[in-house]
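Annotation comment: Swiss-Prot describes H362 as active site, proton acceptor. The UDP-N-acetyl-alpha-D-glucosamine binding site annotation in Swiss-Prot covers 8-11, K22, Q72, 77-78, G139, E154, N169, N227, R332, K350, Y365, N376, and the record cites sequence analysis as its basis. Residues annotated as Mg(2+) binding site in Swiss-Prot, with sequence analysis given as evidence: D102, N227. As annotated by Swiss-Prot, acetyl-CoA binding site applies to A379, S404, A422, R439. The region 'Pyrophosphorylase' annotation in Swiss-Prot covers 1-229. What Swiss-Prot lists as region 'Linker' is 230-250, and the listing cites sequence analysis. If you look up Swiss-Prot, you'll see 251-458 marked as region 'N-acetyltransferase', on the strength of sequence analysis.
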Amino acid sequence: MNKFAIVLAAGKGTRMKSALPKVLHQVAGKSMLAHVLKSVSEVEIAKNVVIVGHEADRVIATLPKGTQFVKQVEQLGTGHAVRIAADLLANEEGATLVIAGDTPLITGETLGALFDYHFAQKATATILTAIAPNPTGYGRIIRDEKGSVEKIVEQKDANDFEKSITEINTGTYIFDNKSLFKALTEITTDNAQGEYYLTDVIEIFKKAGQTIAAHILDDFDESLGVNDRVALSQAEGTMRKRINHEHMVNGVTLIDPATTYIDSEVTIGAETVIEANVTIKGNTFIGKNVLITNGSRIENSEIHSNCEVRNSTVEESRMSVGSNVGPYAHLRPGTVLSEEVHVGNFVEIKGSTLGKGTKAGHLTYIGNATVGEKVNFGAGTITANFDGKNKFNTEIDDFAFIGSNSTIIAPLHIGKNALTAAGSVVTEDVPDEAVEIGRGKQVNKLGRAKKMPHYRGQ
């Protein structure tokens with residue numbers, strides 16, 4: 001049987017107190033809507049329709065290519081939101097999943113089990129329910145004396161007895177598609193909110209003698225709907241625990257999972273060790289047997305096997321096998337370290353490629369440079385690559401030795417096996433195997449110090 005999906009992403013999210021549409025707030029580096037769409041994609045959906053409304057264009061811009069969407073111009077309730085998908089889905093034969101775009105913790109495994117249960121029960125509607133420790137704010141599942149689902153009552157419409165019920169509606173359903181769209185033509189706004197409730201179709205089905213099933217979630221956390229920043233932080237914490245657990249099961253050592261923040265799209269190889277207070281974000285790849293020490297931050301980068309990142313920041317950069325950085329180094333966007341490169345204390349590199357075995361041990365800035373193999377940078381080396389308007393490139397060939405406190409005024413080229421003397425200001429190309437000395441001659445003026453303000457006498 002064909003499977004369809006409707007993802008509800010039209011709400012403003014007033015309680016978020018944000019200019020950003022609620023479904024675009026991020027959990028573990030990815031929008032809540034993106035998490036939901038990923039889970040939906042795991043159950044072989046034939047047609048997926050996203051309902052957009054508030055800030056529709058911003059939401060549409062984030063959708064995967066080819067995703068169908070419908071704009072809900074007026075937010076008149078969940079029933080209305082589903083009904084406006086009729087032109088795309090009403091005539092289809094099959095089962096339709098309806099899910100909110102602010103439920104980032106729901107898994108593809110759960111959705112697959114929900115479809116299986118729906119088909120096994122031969123139901124017209126199947127509700128994903130959960131037993132809530134505190135059901136306040138949720139719609140309650142009302143069952144008859146035989147235990148069958150009778151209806152769903154929203155919090156604002158519930159009486160005291162109904163409010164005491166702990167089985168709640170998670171807001172995720174599967175319906176027989178044609179039955180759903182027929183029932184949606186019968187719902188009204190006769191309720192406390194003055195809205196078209198999707199949940200009213202359950203009562204319509206029940207009165208028609210159709211089968212209503214309820215599948216109870218094993219993990220209540222999956223049902224979390226995010227309506228404010230408190231719930232957003234709860235979702236973030238739960239997702240982080242889930243992500244960290246998966247990495248540890250796959251052979252990654254996390255010294256302190258409670259202070260380790262790893263985004264959902266990060267890949268990490270076995271035998272890697274990650275110390276406390278580490279943040280790894282975006283589409284980052286980390287290979288096998290990597291050490292990442294306390295306080296490091298890595299974002300959208302590739303760190304290949306046997307590398308070390310010690311108390312450092314790596315952004316949009318690539319570290320090849322066996323290279324190491326830190327402590328307190330900063331690889332800025334566009335940096336590429338070849339194999340066995342060493343970048344040490346207080347070194348900043350941007351938009352540069354360093355060849356195999358090159359070393360920049362301390363207190364160095366390398367920007368817009370192409371550096372060969374086994375080049376040595378002395379402490380205090382600066383590539384002066386910016387004149388206030390334009391950036392300029394520096395080329396340094398294999399085996400060059402850059403003396404301490406050298407200032408390299410780009411654009412220029414330093415040849416193979418060349419050497420710059422310590423303290424040089426390099427303003428011209430340096431040929432292969434040449435020694436460059438670009439500093440003023442030292443002059444000692446004997447006795448002159450006695451006339452200087454610092455002088456303290458014998």
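For all residues, glycine too, the Cβ spot is worked out from N, Cα and C.
Shown here: features listed in Swiss-Prot, placed on the structure.
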{"residue": "L8", "record": "UDP-N-acetyl-alpha-D-glucosamine binding site", "Cβ contacts under 8 Å, 6 or more apart": "I51, T78, A81, V82, V98, I99, A100, G101"}
{"residue": "K22", "record": "UDP-N-acetyl-alpha-D-glucosamine binding site", "Cβ contacts under 8 Å, 6 or more apart": "G11, K12, G13, M16, M32, H54, D102, V226, N227"}
{"residue": "G77", "record": "UDP-N-acetyl-alpha-D-glucosamine binding site", "Cβ contacts under 8 Å, 6 or more apart": "T189, Q193, E195, Y196, Y197, L198"}
{"residue": "G139", "record": "UDP-N-acetyl-alpha-D-glucosamine binding site", "Cβ contacts under 8 Å, 6 or more apart": "I152, V153, E154, Q155, I168, N169, G171, T199"}
{"residue": "R332", "record": "UDP-N-acetyl-alpha-D-glucosamine binding site", "Cβ contacts under 8 Å, 6 or more apart": "E315, E316, S317, E348, I349, K350, G351"}
{"residue": "H362", "record": "active site, proton acceptor", "Cβ contacts under 8 Å, 6 or more apart": "G344, N345, F346, V347, A379"}
{"residue": "A422", "record": "acetyl-CoA binding site", "Cβ contacts under 8 Å, 6 or more apart": "G378, G403, S404, N405, S406"}
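In sequence order, V347, E348, I349, T381, I382, T383 make up the list of same-chain residues 6 or more apart from Y365 (UDP-N-acetyl-alpha-D-glucosamine binding site) whose Cβ falls under 8 Å from its Cβ. Cα separation, R439 (acetyl-CoA binding site) to A10 (UDP-N-acetyl-alpha-D-glucosamine binding site), rounded: 66 Å.
Tertiary neighbourhood of the region 'Linker' (230-250): same-chain residues 16, 25, 27-28, 32, 35, 104-105, 221, 224, 257, 260-264, 266, 268, 270, selected by CB-CB distance under 8 Å and a gap of 6+ residues from either end.
Here the binding-site residues are N169, N227, S404, and the one with the most other Cβ atoms within 10 Å of its Cβ is N169. Mean pLDDT, taken over the region 'Linker' (230-250), works out to 98 on the 0 to 100 scale. Neighbouring residues of the recorded acetyl-CoA site, listed in sequence order and excluding A379, S404, A422, R439, comprise G378, G380, T381, G403, N405, S406, A421, G423, S424 (Cβ within 8 Å of the Cβ centroid). The 10 Å shell around the Cβ of A10 (UDP-N-acetyl-alpha-D-glucosamine binding site) contains 28 further Cβ atoms across the protein chains shown. Between the candidate binding-site residues, D102, A379, R439, the densest Cβ environment within 10 Å is the one around D102. Residues listed for acetyl-CoA, A379, S404, A422, R439, cover a largest CA to CA span of 16 Å.
Helix, strand and coil content of the region 'Linker' (230-250), in residues and according to DSSP, is 20 helix, 0 strand, 1 coil.
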